[in-house]
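Colleague: Encoded as structure tokens, here's the structure I'll be asking about.
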Amino acid sequence: YHRSVHEGTREFADTCPECGKYFNDRGYLSSHMKIHRNRKEYGCEYCGKSFNQRVAYNMHVRIHTGEKPHVCQHCNKCFSRKMLLKQHLRIHTGEKPFTCVVCQKAFADRSNMTLHMRLHSGVKPYTCNVCNKSFTKKHHLKTHMNYHTGVKPYACSKCGLRFSQSSNMRTHFKKCSSTTFPDLPTPPSSVSSPLPLNMSVTPPVSDESSCAGSIKGNA
């Protein structure tokens, strides 16, 4: 069996009859066939979502359990998937295996390179269904929608004024932080000196339109 794997002499039994994809192991073929049969034997006990492969099921369950078995040896940051750890390690190694074919700029992550390529191609796949404005990134569209919905999730920590765009909030914050407010004059003390012996303070009256207290001379 092992020799036949290297020589590529396995029988038709390891070839998917649906799509013709070839497998070196019957177990892999059996798992692959579930995709065509749409058999989802592994159901999540937390949310009910089903999967046709145990590997996909195990990775999904970690969303609920919070399990992150893959640990970075450099900074001890943990990840739920081995692929995520592999991507993270490039921060430490400086590896950038994905290169833009137009300007040769290199990226550590394929998705970032794909986003970058849209600058050259002009592709903007995310379109606003209100005004038809298009964007290269999904989160740019989400932020743009705040204009239409009136949602203002960004608040100035200085004055509390809210904004629909984070860029507008940052611009405001710089102005708000640099603004100096003049000191207000200290109000004079209500009692700057002892009252004369012939003066007294009357108790407050119940009428809200009247003064809270008045000073009058004794008879």
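Note that Cβ sites are derived from N, Cα and C of the backbone, with glycine treated the same way.
Annotations per TrEMBL:
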type	residues	note
COMPBIAS	199-212	compositional bias 'Polar residues'
DOMAIN	14-41	domain 'C2H2-type'
DOMAIN	42-69	domain 'C2H2-type'
DOMAIN	70-97	domain 'C2H2-type'
DOMAIN	98-125	domain 'C2H2-type'
DOMAIN	126-153	domain 'C2H2-type'
DOMAIN	154-182	domain 'C2H2-type'
REGION	183-219	region 'Disordered'
Colleague: Within the same chain, where does the domain 'C2H2-type' (98-125) have neighbours whose Cβ lies under 8 angstroms from its own Cβ atoms, ignoring anything closer than 6 residues to its ends? I mean 6 or more beyond.
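Modeller: Here the qualifying positions are 87, 90-91, 134-137.
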Colleague: Along the domain 'C2H2-type' (154-182), what average pLDDT does this model show?
Modeller: 85
Colleague: Looking only at the domain 'C2H2-type' (154-182), how are its residues distributed among DSSP helix, strand and coil?
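Modeller: For the domain 'C2H2-type' (154-182), the helix, strand and coil counts are 13 helix, 4 strand, 12 coil.
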